[in-house]
């Protein structure tokens with residue numbers, strides 16, 4: 001069974017002091033830390049392309065896993081909605097070249113936002129099993145600094161740039177359990193880009209997440225024959241401190257099991273869940289973790305992963 | 001096992017007389033039919049969005065398969081590099097809403113060009129099996145009329161707009177066999193969009209396809225323990241009449257088994273292979289078909305499908 005073997009990441013060192021940015025919009029430190037959740041927002045350099053963030057994350061994965069040779073990689077999927085080029089070619093092809101991965105590589109991009117990691121792990125595992133592949137890289141990189149207007153108070157205090165790389169293969173310490181997905185395109189206009197600039201209706205997105213995510217997690221647990229106490233940690237998309245807190249409270253049982261860790265990263269879109277897993281899961285005593293991503297589309301996905 | 005149950009398509013009725021267009025560039029009918037391969041190039045209406053083409057193709061699929069209820073659809077993947085919006089949201093979410101598919105739908109876009117259908121059937125089958133889903137729609141829609149410069153003689157005589165919808169599920173008449181994939185991002189610049197306009201280095205793309213595709217098909221057959229005579233038909237991407245003919249001749253055995261059918265469609269990118277399958281495969285006596293898609297990325301994928 002194909003599972004999650006290792007996760008690495010790249011978070012730019014440079015970035016914005018979010019307290020200073022908040023002050024510009026009349027927001028105090030309590031708001032920035034308590035509601036937004038992030039004191040610092042990493043920002044890629046202007047010359048760094050999305051593929052460069054991917055390359056950094058994959059190189060970190062190679063450094064952590066010297067037994068993983070680039071010649072052994074047979075599939076690369078990049079989850080992004082802010083790729084290098086205008087529509088085509090796909091960013092995964094550019095990453096193949098920059099990393100010197102073999103040309104026998106299967107490579108494509110998946111277009112999803114904050115739900116992208118949950119979809120992505122099932123997409124790559126499924127593709128590998130359907131096509132008989134052995135070693136896959138799922139890369140997330142959606143640098144919103146390319147599209148966020150620094151004068152838009154609804155978005156500029158929220159998003160941070162980052163990339164992650166997940167190695168999937170056999171003999172993995174973490175396996176994928178049951179998953180559930182959802183899509184509601186009637187809310188597509190709540191998160192979109194027009195003329196190169198990102199727009200978010202934060203109130204609508206907050207309400208959607210609060211309505212959808214706790215119920216979705218309860219349904220997933222119910223269909224899996226699990227109780228909330230069977231889950232050691234809930235690693236949900238870090239949209240903002242306020243949404244993580246609100247979902248945790250609405251879920252009712254053990255809100256303290258909802259991991260919140262975005263002070264130094266901001267909302268990193270599809271990278272937020274793998275950043276949590278990289279940092280908190282592998283060295284933990286956790287046996288079973290619930291994931292939930294939600295955002296652009298509108299789109300959501302929840303899954304249970306468990307220690308092999 | 002998840003396989004291919006049915007394929008439907010949408011090809012706009014309006015379009016360009018390619019003989020007239022050829023005359024403008026000093027190309028005679030022999031060139032247009034013999035080298036380009038298309039007397040007519042379908043063109044969507046200006047107001048039709050990519051999602052509208054998807055909707056038309058899926059509605060044709062529903063009309064052909066009255067037993068398929070929209071409430072039963074649990075995953076929708078759209079293969080496109082020319083979606084409705086700028087990067088986000090993904091087109092699949094918009095299609096979910098326009099078609100009134102259930103919000104329990106898993107939906108995302110895959111960014112691939114002319115190799116997209118071969119990748120796509122393994123991506124959706126794998127995702128369905130990994131996530132336990134029952135009825136999937138793989139939709140291709142990449143209307144190049146959005147990006148082709150009508151004054152660019154290298155591209156404007158080649159591409160046609162179309163969309164296809166493939167229903168995948170259990171008890172399917174066609175199953176997926178072995179597949180092989182490839183990616184060479186060092187050729188990314190040969191097919192790309194800059195400032196909204198598509199550029200293609202036709203000579204480079206032709207040489208790449210001629211070098212890569214026959215060898216890739218031979219490798220796939222060899223690894224499958226099959227001989228060319230075991231394949232009833234080769235349905236490869238209809239890039240142009242010249243490339244289909246050249247690949248067929250280079251492949252050597254039975255070039256007449258390479259299906260060529262693009263007179264009324266042009267190069268429809270990721271829709272070209274499913275258009276061939278829809279028209280020629282289901283009512284045939286074929287038992288085993290080889291597919292190969294190649295283009296943007298550079299990216300290629302070949303697969304064998306067989307009658308259950």
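Yeah, the Cβs are placed from backbone N, Cα and C, and that goes for glycine too.
What TrEMBL records for A:108-185 is domain 'Beta-ketoacyl-[acyl-carrier-protein] synthase III N-terminal'. Counted with DSSP, the domain 'Beta-ketoacyl-[acyl-carrier-protein] synthase III N-terminal' (A:108-185) comes out as 20 helix, 28 strand, 30 coil.
The feature domain 'Beta-ketoacyl-[acyl-carrier-protein] synthase III C-terminal' is assigned by TrEMBL to A:222-305.
As a summary of secondary structure, the domain 'Beta-ketoacyl-[acyl-carrier-protein] synthase III C-terminal' (A:222-305) carries 31 helix, 21 strand, 32 coil according to DSSP.
The domain 'Beta-ketoacyl-[acyl-carrier-protein] synthase III N-terminal' (A:108-185) scores a mean pLDDT of 98 in the predicted structure.
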